[in-house]
Amino acid sequence: MISRAVRVALRLAPPAGAARPLTVAVVVQTVGFGLLTTLCTIYFVRVVGLNLAIVAVAFSVAAVGGIVAGVAVGHLSDSLGPRGITVALLAATSVTVLAHILVTDTTTLFSVLVLYQFADRGASAARGTLIARAVPATTQVKTRSYLRAVSNIGFAVGAGLATWALIRDSRSTFVCLIVAAAASYALAAVILALQIRSIPPVPREHRASVTTALGDRRFMFFTAANAVLSLQFAVLEFGMPIWVTQHSKAPGWMVAVLFMSNTALVTALQVRMGRSSATLSGAVRAHVVAGMLLAFACVLFGLAGYLPMWLAVVALVGAGISHAFGEMTQGASSWSIAFELAPPNAHGQYQGLFATSTSIGLVAGSSVVAFVAVSWGLPGWLLLGGAFILAGVSLPFTLRAASSA
């Protein structure tokens, strides 16, 4: 029994080498991210006393700053080396998280959030380059899968810890937990600095032009398709709670059930789902499947708003499962395509542009889901599902067309 448990544990452990400190750092960092995400809006509105609408606009403006960070930081990672840039940006993120407690008015709110998003999204882009340079090509997608799985665990722990502040409802408790979130980013930086060897920059004579990735038609087509599929994050995080509670007959507790089941499925199965994307051709096929799974989830979500209570519950469970598998398939396929299409001397640029495509989906997602799916009802959900199918199915054709052009 013990030997079997050891074998299972070894199968579940991340690959040896740089993947292991990366995994530990991501767990530590996402605990802080879970804390901050759960607390910061409530802190700004309830504790600082800022207007909710102003806070919402500030988050949107700051998210645009995160989009800008991708390509710029990616090129910097190629020029100066990805480990140093990742560590520096994690340390900078720690400072900007700590600066949340200094927010007193609209000006400081916008300043802190823009700097935080730039540093945080920049660190994410640099980490993609670090994986491409420090992890063997054969285990890069597997490593990304581990990072996605453990980030869900870290986020859940951070969100759980944040309930202490929500229960105590005092400024001192909020401040303590924001300081803890800042410390988590700093600790992640220390782990990477100590546990991952320094990686030299790409030699100047082999360094790609700063616009190489932007001029790569195949990668730009992929970036556009991935941005559309990345709208799926807003389906679960934004659209689903509103749709379930305000537009369906399903009980409100289904929101918690769908969130918890998504976390459990992604944590348990993300690594296994990555196996089908081990090659570029497999990843492209998986990308098509992801679009179809996400589209099917949209159909079921839409139908749930027009069914009796228990049929609505069944539809929502089916939608949640289909969405979770679509999310995992999209993640694994997109990581593989992003690595496979990037030339060795420009991984930073390409991973930065890839991170930007995900950021665009995250920024635009809530608005698209709100104004299309939630506002239009079933026709809107079907339209969103159609966009997912188009983004998935079109990729193989656009990649072939761009290659032959």
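Using the three backbone atoms N, Cα and C, a Cβ is placed for every residue, glycine included.
Per TrEMBL, the features are as follows:
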type     : residues : note
DOMAIN   : 18-404   : domain 'Major facilitator superfamily (MFS) profile'
TRANSMEM : 21-44    : transmembrane segment
TRANSMEM : 50-73    : transmembrane segment
TRANSMEM : 85-103   : transmembrane segment
TRANSMEM : 146-166  : transmembrane segment
TRANSMEM : 172-194  : transmembrane segment
TRANSMEM : 219-244  : transmembrane segment
TRANSMEM : 250-271  : transmembrane segment
TRANSMEM : 283-303  : transmembrane segment
TRANSMEM : 353-374  : transmembrane segment
TRANSMEM : 380-399  : transmembrane segment
> Is it true that the transmembrane segment (353-374) and the transmembrane segment (21-44) have 3 or more Cβ pairs under 8 Å, skipping pairs fewer than 6 apart in sequence?
Replying inline: no
> For the transmembrane segment (219-244), which recorded stretch in the set 21-44, 50-73, 172-194, 250-271, 380-399 gives the largest number of Cβ pairs separated by under 8 Å?
Replying inline: 380-399
>> Applying the under-8 angstroms CB criterion, which one of 21-44, 172-194, 283-303, 380-399 scores highest with the transmembrane segment (85-103)?
In response: 172-194
> So what's the mean pLDDT when you look at the domain 'Major facilitator superfamily (MFS) profile' (18-404)?
Replying inline: 90
>> Take the C-beta pairs under 8 A between the transmembrane segment (21-44) and each of 50-73, 146-166, 380-399. Which stretch has the highest count?
In response: 146-166
>> Below 8 angstroms Cβ to Cβ, which residues of this chain, lying six or more residues outside the transmembrane segment (380-399), approach it?
In response: 218, 221-222, 224-226, 228-229, 231-232, 235, 284-285, 287-292, 294-299, 301-302, 326, 368-369, 372-374
